[in-house]
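Comments concern the structure below.
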Amino acid sequence: MKGSKGFMTINKIMVVGSGTMGSGIAQVMAQHGYEVILNDIKPEFVERGLQSITKQLDKAVSKDKMTEQEKEATLKRLTASTDYTDAEDVQLVIEAATENKNIKLDIFKKLAEITPEDAILASNTSSLSITEIANATSRPEKVIGMHFFNPVPVMKLVEVTRALTTDDQTAQTILDLSQSIGKTAIDVTDSPGFVVNRVLIPMINEAVFTVYEGVATMEEVDDSMKLGANHPMGPIALADYIGLDVCLAIMTVLYEGFNDSKYRPCPLLKKYVEAGRLGRKTGRGFYEYA
Ligand code: CAA
C-alpha cells in the first residue's frame with residue numbers, strides 16, 4: 001500500500017503537531033505502512049499524541065478491525081520528535097500545528113531549510129492561504145495544502161489545495177498519497193475556506209444565528225438538522241466538536257477574503273469565544289462536557 005504511483009515515492013513523513021489532527025494523521029499514515037515521525041514542541045505533547053493513537057488502535061483490536069500484530073507494527077512505524085532536524089531525510093512534512101499564521105510561516109521556513117530539497121511541505125491548515133505559506137519558503141513549488149477532517153481515521157475526504165506556485169508533480173504525489181491511505185482526494189485551488197469549510201462553516205454560523213434570534217433552542221436546531229437533513233451531528237454540537245474559535249477564525253477568513261457581508265460572524269459565536277467557551281476542548285461551548 002505504501003508509496004505513490006505519482007512522480008515521487010513517499011516512505012518517511014514528519015507530522016508537525018501532535019494534537020487531535022496531527023495524531024489522527026500520523027495514525028492513518030502509520031497504519032498504511034508509512035514511517036512517521038510525530039513532532040511537537042514538548043515531549044509531553046508528543047507522548048499525549050502517541051497515547052491517543054495507542055488508545056484508538058486498542059479500540060480497533062477490541063472490535064476485531066485490526067490484529068494485535070498489526071497494531072504493534074503500526075506503533076513501531078511511529079517515532080517521537082521535538083527536533084525539526086529529525087526531518088532531514090523525510091520525503092514529506094505534514095504540518096498540523098496550531099492555526100496561527102506566524103507560527104506556521106516559521107515552521108515552513110525552518111523545515112524548507114532542513115528537509116531534502118525535493119521534499120514536499122504540506123499544511124493541514126483550514127483557513128490560511130497556502131500561497132502565502134508557500135511564499136515564506138525557499139521552494140514554493142513544493143508547498144501544498146493537505147486538509148484532513150476530524151476524526152481523521154473516520155472522515156474519508158482530503159482536500160488537496162494547490163498554492164498559486166505548486167507544481168503538478170507535487171499535487172499528483174499528494175493526490176496519490178491520499179488515495180493510498182484510503183481517502184478520497186479533491187484537487188482544489190487555494191481559495192478562502194476551500195470547499196468544505198466554505199459550505200459547512202456558514203451553515204454552522206447560520207445555526208448560531210437561529211439560536212441568537214430566538215427562532216429555536218440549540219437542542220431544537222440540532223435535532224432539526226439531524227432529523228430533517230440526516231446530519232450525523234447537529235450544527236451546534238458540530239461547532240463545539242470543531243472548536244468555536246476555529247469556526248470563528250474560518251468565518252472571519254471568509255468574511256475578509258470575499259469582502260461579503262453574507263459571511264458576517266454571528267455575535268453570539270464571537271461572545272462564546274470571548275468567554276473562552278471554545279467547545280469540547282475546554283469542557284464547555286454551547287453545550288457542557290463532563
Ligand atoms: N477516532 C477514530 N474513530 C472514531 C473517532 C475518533 N476520534 N470518533 C468516532 N470514531 C469511530 C468510532 O469508533 C465508530 O467506529 P465503528 O463504526 O467502527 O464502531 C464510528 O466512528 C462511529 O462512532 P460512534 O458510534 O462513537 O459515534 P457516531 O456514530 O455518532 O459518529 C462521528 C461519530 C464520526 C464523529 C459522527 O458524529 C460524525 O461524522 N460527525 C460529523 C463529523 C464532521 O463533520 N467532521 C468534520 C468537521 S470539519 C473539519 O474537521 C475541518 C475543519 O477544518 C474545521
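Using the three backbone atoms N, Cα and C, a Cβ is placed for every residue, glycine included.
All TrEMBL annotations are machine predictions without curation.
Of the residues Ser126, Ser178, Ser180, TrEMBL places Ser126 in the same NAD(+) site as Gly17, Ser18, Gly19, Thr20, Met21, Gly22, Asp40, Glu99, Lys104, Asn150, Lys281. Close contacts with ligand 1, defined as a Cβ under 6 Å from any of its atoms, occur at none of the binding-site residues Gly17, Gly19, Met21, Asp40, Lys104. Residues in the domain '3-hydroxyacyl-CoA dehydrogenase C-terminal' (193-289) partition by DSSP class (helix H, G, I; strand E, B; coil) as 66 helix, 3 strand, 28 coil. Of the listed recorded positions, namely Lys104, His147, the sparsest Cβ surroundings within 10 Å are found at Lys104. Listed in sequence order, Val16, Gly17, Ser18, Gly22, Val46, Gly49, Thr82 are the same-chain residues at least 6 apart in sequence whose CB falls under 8 Å from the CB of Asp40 (NAD(+) binding site).
Among the binding-site residues Gly17, Met21, Asn150, the residue whose Cβ has the fewest other Cβ atoms within 10 Å is Asn150.
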